[in-house]
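Shown below is the structure under consideration.
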Amino acid sequence: MARSKIALIGAGQIGGTLAHLAALKELGDIVLFDIAEGTPQGKALDLAESGPVEGFNASLKGANSYADIAGADVIIVTAGVPRKPGMSRDDLLGINLKVMDAVGGGIKQYAPDAFVICITNPLDAMVWALQKSSGLAPAKIVGMAGVLDSARFRYFLSEEFKVSVEDVTAFVLGGHGDDMVPSLRYSTVAGIPLTDLVKLGWTTQERLDAIVERTRKGGGEIVNLLKTGSAFYAPAASAIAMAEAYLKDKRRVLPCAAQLSGQYGVDNLYVGVPVVIGANGVEKIVEVTLDESEKAMFAKSVESVRGLVEACKVINPALAG
């Protein structure tokens, strides 16, 4: 039985961490691609040399040619410029849009059957542009945002309640930006709704509201602390969870940026919603019921994404077709 092939486009902090996690989990053979000569080769060799210690047998290869991603089963895209202090995700739009055009062309030519996970920011607009440039079916290309944002939300809640993160269930809707919608109503601790925990005196509504706001600003908090880059451990772990769900046909319910076609009243936009990921990619979009407050917040988030997509069309009119 042939091993799966995983291509990682971008050999920066996230790309290197993705390669390490994929190797440790033995998800398949790994190609680390970057336009910077020597960088992917050096990281691939370094990781391969950790194999005898870690006990994994994955093949790792560094590459500067898209031809090396040929036949990939999964492609994870991190290529582009990361955020720096003072930058919004949206400031990256013009720079990273050009990167998505090049990456999409490479995928279209060499790996048109892959399941693609995009991490590049501004996420919802970049995965939309990547779908356009690659020509992949919408079910085979998603954005990694909700798993990460939900993980941050779960971590903050576990810290508040002083319980294991394993017992905290939470998810985040909407775009991957300051207008995201961390859902208190659909979040629980061991099945107990957060509203009940407020009544039990475990926390207050004000403290929960502060956690929601911290979740929205979670990426920026790390950017400001690092000063020279952005988060990479948690984003990489989140994308690997998505890749594993696809490769192992787990049918996991994960919040991802998926293309909507009428769900939540939205058409032809990539927005963060719960989806089922299995061997066919996005197998189902889960349309949860939103109350009036959540609908208003979700609509605001969708409009933010729509604004970015319209800006993409202005920068590159070819995407408007």
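A Cβ is built for glycine as well, from the same backbone N, Cα and C atoms used for every other residue.
Pasting the relevant annotations from Swiss-Prot:
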ACT_SITE  HIS176  active site, proton acceptor
BINDING   GLY10, ALA11, GLY12, GLN13, ILE14, GLY15, ASP34, ASN96, ILE119, THR120, ASN121  NAD(+) binding site
BINDING   ARG83, ARG89, ASN121, ARG152  substrate binding site
On the Cα atoms of GLY10, ALA11, GLY12, GLN13, ILE14, GLY15, ASP34, ASN96, ILE119, THR120, ASN121, which are listed as binding NAD(+), what is the maximum pairwise distance in Å?
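About 17 Å separates the two most distant Cα atoms.
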Just to verify a number: CA distance, GLY12 (NAD(+) binding site) to ARG83 (substrate binding site), in angstrom, no decimals.
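Taking the Cα atoms only, GLY12 (NAD(+) binding site) lies 13 Å from ARG83 (substrate binding site).
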May I ask which of the recorded positions ARG83, ARG152, HIS176 is closest to ILE119 (NAD(+) binding site) if we compare their C-alpha atoms?
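In terms of Cα distance, ILE119 (NAD(+) binding site) lies closest to HIS176.
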Want to know which binding-site residues, from GLY10, ILE14, ASP34, ASN121, ARG152, are within 10 Å of the residue listed as 'active site, proton acceptor' at Cα; which are they?
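So the list is ASN121.
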Taking the Cβ of ILE14 (NAD(+) binding site) as reference, which residues of that chain separated by at least 6 in sequence fall under 8 Å from it?
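In sequence order, THR78, ILE119, PHE232, PRO235, ALA236, ALA239 meet the Cβ cut-off.
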Round to a whole number and give the Cα-to-Cα distance in Å for the pair ARG152 (substrate binding site) and ASN121 (NAD(+) binding site).
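That comes out at 17 Å between the alpha carbons.
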